[in-house]
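A short write-up of the structure that comes next.
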């Protein structure tokens, strides 16, 4: 019996790995490189669920990917941060980033209330839009006690919208006159994922990409204080409602902070850093596959339309406001 359970666990884990690896490699191909590995992974998982059903007997391996590998990926994500660079070179951008995070969450909740959408998904999308997309959503989902299908829907939506917006940014840069500093800063402080920032910022050249990444990594850095604030808010609401549910600091966020400090104070060989970043990406993709397998088409039909409209409106407002502020500061 134990050997059968282990076999089913390995098959479930292997399923998420194979789809993740395929998505990772497919995203390097022309056209698909604009779509992104996250979007590809989630779409394949949802389509698999639709045509083949959820592989219940292999659920232990799939659940391992959606929980433990996801948390491990977030811990390694901290290696992208160098706190001295963000506070030093990116201090002006960091000030904008604070406004971006606050605006994204507040605007998302405001529009969601007008549309009468799902508040939990709106919160996840607000954090994802303001901070760093899928990784931020995955980091705060346990704090909000979100269901896996809501987390998957939120990640799928933000991956799709971020890809579309990054392509729109490149078109705007090609058509209109804009300095590399303005374009890079605008991309960094307003696009959803690091991959989206790299796609759009890289189109403006190496100088634009450098400032774009500084702007984006400042938002990733803000995940640390944001999660502390959210935990305190949830604890207050929990005690106010006499709830017995205890809100604790997720251990993987502590790991995220430790990795950020390690990358700041320790010189890590670039080869090792690249390997760890690839491992982080694969683990994150495996988690996305596992989360996507929990989403049925009826969930998308019933729960995704209003959040999709909400994030489009919020992203347009954020992009417009961010451009005005960046243009004023860098022109």
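Including glycine, each Cβ sits where the backbone N, Cα and C put it.
Taken verbatim from Swiss-Prot:
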TRANSMEM  9-26  transmembrane segment
TRANSMEM  31-48  transmembrane segment
TRANSMEM  69-88  transmembrane segment
TRANSMEM  93-115  transmembrane segment
TRANSMEM  122-144  transmembrane segment
TRANSMEM  154-176  transmembrane segment
TRANSMEM  183-202  transmembrane segment
TRANSMEM  217-234  transmembrane segment
TRANSMEM  247-269  transmembrane segment
TRANSMEM  273-295  transmembrane segment
TRANSMEM  308-330  transmembrane segment
Out of 93-115, 183-202, 247-269, 273-295, 308-330, which stretch touches the transmembrane segment (122-144) the most, going by CB pairs under 8 Å?
-> 93-115
Hey, does the transmembrane segment (247-269) touch the transmembrane segment (93-115), meaning at least 3 C-beta pairs closer than 8 angstroms, sequence gap 6 or more?
-> no
Examine the transmembrane segment (247-269) against the transmembrane segment (9-26) and state whether at least 3 Cβ pairs sit under 8 A, considering only residue pairs 6 or more apart.
-> no
Who are the chain neighbours of the transmembrane segment (154-176) in space, where the CB to CB distance is under 8 Å and they lie at least 6 residues beyond its ends?
-> 34-36, 38-39, 42-43, 46, 121, 124-125, 128-129, 133-134, 137-138, 146, 183, 186-187, 191-193, 195-197, 199-200, 203-204, 288, 291-292, 295, 304, 307-308, 311-312, 315, 319
Spatial neighbours of the transmembrane segment (217-234) far in sequence, C-beta under 8 Å, 6+ residues away = 77, 80-83, 85-86, 90, 93-94, 97-98, 100-101, 127, 130-132, 135-136, 139-140, 143-144, 188-189, 194, 247-250, 253, 256-257, 260
